[in-house]
Amino acid sequence: MSGSAITPWVVGNWKMNPMRADAKQLVQELKQLLQDHVIDESQCHIGVAPISLALSNVQAQLSAGNRTVYTVAQDLSRIAGTGAYTGEISAELLKDSGIDFVLVGHSERREIFGDSPAIVNEKVKNAIDAGLTVIYCVGESLEQRENGQAEQTVLQQICDIASVVQADQWERVVVAYEPIWAIGTGKTASPADAQAMHAKIREGLSQITPMGQSMAILYGGSVKPENAVELAACPDINGALVGGASLNAESFYKIAHAFANTK
Ligand code: PEP
């Protein structure tokens, strides 16, 4: 399977947004758009990642729609199972609530909350072992890019999880390449630069697992309707992880539409 034959994913990362009433309206608007202008499930997987507190409500609201929209957790505990761990939500508890997808290693978790590679690995292992699909985020800082270390940084992040993902578990890993300097800044990697990094990631994955050729590699970093078609046209960009633009139903829908129809 070549990169362009992979069904794309478009996932909205709502981060610490929005208020409950706005979340309800956002889901309602998205469902309406998907009902009025259908995007076939075989053309694009769609997901949204609300705050933990809203996972069940959003999932219930989405389940009444005319197509599957996955509900994705933004993070999980590095501790597995259940126990005396105040404030934590384990992979098993997510799974028990019917959540099958989780973001791991987002740069905001790594940079602001101290998720080291060791912690990220624990989270990936717990999630995969509990049966979740992981959207594993990688990406270099501006300094690393300017120092010519972008590729090395990202490939190292890919190699990091190879010790915890078993051979038959790679089908439950989706990679999201998010250059940190492009997140929430309005700056996007040029389609050529993004494609080049995605091709390197695919090469790296393929050295680790034969599934590397069929794994989805999403791009994230100021994706919006205006740049989605160009990004979607790149053979190794199999979708988008969308922050800011996912808080507007129409923008998010347009990005999903661009990937569904360009691929
Ligand atoms: C993100 O945080 O995953 C992201 C890509 O954000 P934005 O689209 O706002 O840059």
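Cβ coordinates are placed from backbone N, Cα and C, and glycine is handled just like the others.
Together with ASN13, TRP14, LYS15, GLY184, GLY243, GLY244, TrEMBL lists one candidate of SER190, SER222 for binding substrate, that being SER222. Checking the binding-site residues TRP14, GLY243, GLY244 against ligand 1 with a 6 Å cutoff on the Cβ atom leaves GLY243, GLY244, in sequence order.
Listed binding-site residues: GLY184, GLY243, GLY244; maximum Cβ neighbour count within 10 Å falls on GLY243.
The local packing around TRP14 (substrate binding site), expressed as other Cβ atoms within 10 Å of its Cβ over all shown chains, amounts to 22.
The binding-site residues considered are ASN13, SER222; of these, SER222 has the fewest other C-beta atoms within 10 angstroms of its C-beta.
Spanning the listed substrate site, residues ASN13, TRP14, LYS15, GLY184, SER222, GLY243, GLY244 have a farthest Cα to Cα distance of 14 Å.
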